[in-house]
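Undergrad: Below are the features I grabbed from TrEMBL:
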type     : residues  : note
TRANSMEM : B:12-29   : transmembrane segment
TRANSMEM : B:41-62   : transmembrane segment
TRANSMEM : B:82-107  : transmembrane segment
TRANSMEM : B:113-134 : transmembrane segment
TRANSMEM : B:141-163 : transmembrane segment
TRANSMEM : B:183-207 : transmembrane segment
TRANSMEM : B:219-240 : transmembrane segment
TRANSMEM : B:269-291 : transmembrane segment
TRANSMEM : B:303-321 : transmembrane segment
TRANSMEM : B:333-356 : transmembrane segment
Amino acid sequence: MRRNLAYAVVGAVILMLCGCWDQQLLKTERNVSIAGMDPGTNGLLRATVSIRDVTSTESGSKDTNEVHSVLARSTQHARELLNEEISGSYSNAKMRVLLLGEEMVRNHDVMPYLDVYYRDPKSPLNARIAVTRGKAEDMIRIKMIGSKTIGLHIDELLNSTEEATVVPHVNIQTLHPLDRGYDFSLPYLVIREGIPAISGIALFSGTRMTDTLGLDESRLYLLMAGLKNINLRLTMKSVDRNKSNSYDYVTVEVKKLKRKLKVTVSKNKQISVKLNLKLRVTVMEDPRNHLYKMKIMHDLERTLSEQLTDEAKAIVHKMHRANHDGFGIARRLMSFHPKLWKQLDWDKEYPQILFNTSVSLQIVNTGITE
Amino acid sequence: MIAAKDKITPGQLMILVIQSQIGVSVLFLPSTVESIARNDAWISVILAGGVTLLLITIMWALSRRFPAMTLFEYLPLLLGKFLGKIVHVIYAMLFILACSLIAVQFADVVRDWVFSSTPSWIILGLLLVTSLYMAQENIRLIARFFVLTFGVIFVLILIAAYAFRDADILYILPINQAGIPNIFKGMLKAMTSLFGFEILLFSYPYVQGGGKGILKATLFANLFSTLLYTFLVFTCLIVFSPEELKIIPQPVLYMVKALTFTVFERADLYILTIWTVVVISTVIAYLFMAAKSVSALFGKKRHKGTAPFVSIVIFIIALIPHNQDTTNILQNLVAIFASVSLAALPLILLCISVFLNIKGKEQAEV
């Protein structure tokens, strides 16, 4: 009996020791919370990381962080170099955000630098990606905002703006841009008075950034792409577009979005796209207080619809110029017109596609006052 | 005669077959079939299920003629002593090699995804020792264990279904892009993952009730496995674009890797844990069949004594492949053995049995 117990204990200990080959102790790891990539000199990569530390004192725990930059040949090489600079071993398994400097994505192909993220089983595929105006390094060097570290701040900033449908939900995994049949767009960050802020989205053509959209445009762009998240608010002029009076603005929240996207190919191979949006909205703010009259309500619906249609057309125009196929027209052609797709030179064809965009809006309710 | 207390119910048989069919290829199947049949891979899997249906029916028709015997008891009756032994050896080789292949693939995935520096002999050893413990027992206990662990397959389905969040149905269009020949080639690839139904040859005399009930249970099992595989392949096809599937060998793991639930991260580790149970049941089934056939080869009635030696042989074979090439050789070898002994041989044996009118002497009691 005793002897059997001893065997069992020894057996169990030996079994558990098998885990020691792959042990990684949290206390020896330094976790990166945010990383940035900028082009360096001579085709090298300037990588910047912020490593988060939690120091606990008598008055509670406090976040601190340290920032390191290296000039490396590749992403993995940057990790090796960083490992030679920091105490403990480098780990990016808990990374939350990856920032790409604007110059990096405008003039260089960023995909080779991302390869290691897709290859390593421990890599943070759910880390968010964003583009920064200027250098990513400058933004990471801000280090702390209030009591929050920069990584946490930007992650939460992106999260809340995703929920408000200002920027698209993108992480390293969903980015993987291999022959998807549409172009992606990323959140665009700027430093405003020393603090990182969202200024819209960056449009990509293939893997190169080509243009940006402002905050109002990006909301409508996401509506047109059918990517409405939890809520979406639009503030627009309610009467005359050329006057400015603080009474003339109305804010609506989109409750329901119906989107119809139809790609048709005519006999002479002219591709045309019909994009129809139907919005059901709630009025959140309307200082004029006239909405109890049905006529005014319908007038408002009409003006807003017209405004949105015009803006939508402007966005399509911008996308054409940027060669950015954010609505997945290419995917539809691949799926429904595979023969035509094989003959097309997509980069030349895309700007010539006819878009027929229209937005119609319907007010469902107006809050607890009319 | 088999005592009533050693028998299993048709329901247990169904789960026995499902658990032997569903194995390592849960992870591999989508990309192996996709590499040939492109975005029509799901059609290939359904077709493979149809062909397996046919093979099962042949196997069942053969077993029905010898209702109280297992394969190795009636082999000499049909083929004579010498030829019977040769066929017997082919079957034994198939089970040993197939089991080694499963072990090799398991160790590879575990190395790539979780334990990169743990030596593979540890992983193989743990897998085989655990399976051996169960495989030494009789079919009734194995069936009960399989019923017990059957639930984990549904957890697998649930986690995979969550990936529909990132799905785009347009990826499977246009249908029939790959062309009929490629769909059929893909079907042949998909067939290998549905193997495991041969456990019917060993369990037939142990099942309660008549032949019809057994056929029904096995066919249902096959339907379930086919649907599960089709679901997984379909999910992977609509989550990943064709270009991505080309470079991702285990797409099921990859697609859940980025999922974050409120508390849990790295859903791939949960899938791997569940998958380990699924693989162990397949290894148990194959180890059982291998041990049975080897012990019958040496004229032993019980397989308990042979099982450890068989698992040592499997362990040694599984240690040999060190690169993709050798694994591929093993894979092709198993495919050849399997097509001979699961498709060709049962049909030949059935023909011999029917035309020479050789039948089992005793009927199974109902």
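Every residue, even glycine, has its Cβ placed from backbone N, Cα and C.
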Undergrad: Which stretch from B:41-62, B:113-134, B:219-240, B:269-291, B:333-356 shares the most C-beta pairs under 8 Å with the transmembrane segment (B:12-29)?
TA: B:219-240
Undergrad: Let me spell it out: take the transmembrane segment (B:269-291), skip the flanking residues so only those 6+ beyond its ends count, and list any with a Cβ under 8 Å from a Cβ in it.
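TA: Residues packing against the transmembrane segment (B:269-291) from afar: 16, 19-24, 26-27, 92, 95-96, 98-99, 102-103, 106, 109-110, 113-114, 127-128, 130-132, 134-136, 139, 142, 145-146, 149, 152-153, 155-156, 159-160, 196, 198-199, 202, 252-253, 256, 303, 306-307, 310-311, 314.
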Undergrad: Honestly, do the transmembrane segment (B:303-321) and the transmembrane segment (B:82-107) touch, with at least three Cβ pairs under 8 Å and pairs 6 or more apart in sequence?
TA: yes
Undergrad: Check the transmembrane segment (B:113-134) against each of B:82-107, B:141-163, B:183-207, B:219-240, B:333-356 and return whichever range has the most CB pairs under 8 Å.
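TA: Result: B:82-107.
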Undergrad: Are there residues at least six beyond either end of the transmembrane segment (B:41-62) with Cβ under 8 Å to its Cβ atoms? List them, or say none.
TA: 29-30, 33-34, 172, 175, 183-184, 186-191, 193-194, 197-198, 200-201, 204, 211, 214-215, 218-219, 222-223, 225-227, 229-230, 233-234, 237, 342-343, 346-347, 349-350, 353
Undergrad: Can you work out which residues elsewhere in the same chain, 6+ from the ends of the transmembrane segment (B:82-107), have a Cβ less than 8 Å from its Cβ atoms?
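TA: Same-chain contacts beyond the flanks: 23-24, 28, 71-72, 75-76, 120, 123-124, 127-128, 195, 276, 279, 282-283, 286-287, 289-290, 293-294, 296-297, 310, 313-315, 317-318, 321, 327, 330-331, 333-334, 337-338, 340-342, 345.
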Undergrad: State the residues, same chain only, that lie 6 or more residues beyond the ends of the transmembrane segment (B:183-207) and have a CB under 8 A from a CB inside it; answer 'none' if no residue qualifies.
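TA: Non-local partners: 2, 6-10, 13, 16-17, 20-23, 25, 28-29, 32-34, 36-37, 40-41, 43-45, 47-49, 51-52, 55-56, 59-60, 62-64, 67-71, 98, 139-140, 143, 176, 213-214, 217-218, 221-222, 225-226, 229, 282, 285-286, 288-289, 292, 334-335, 338, 341-342, 364.
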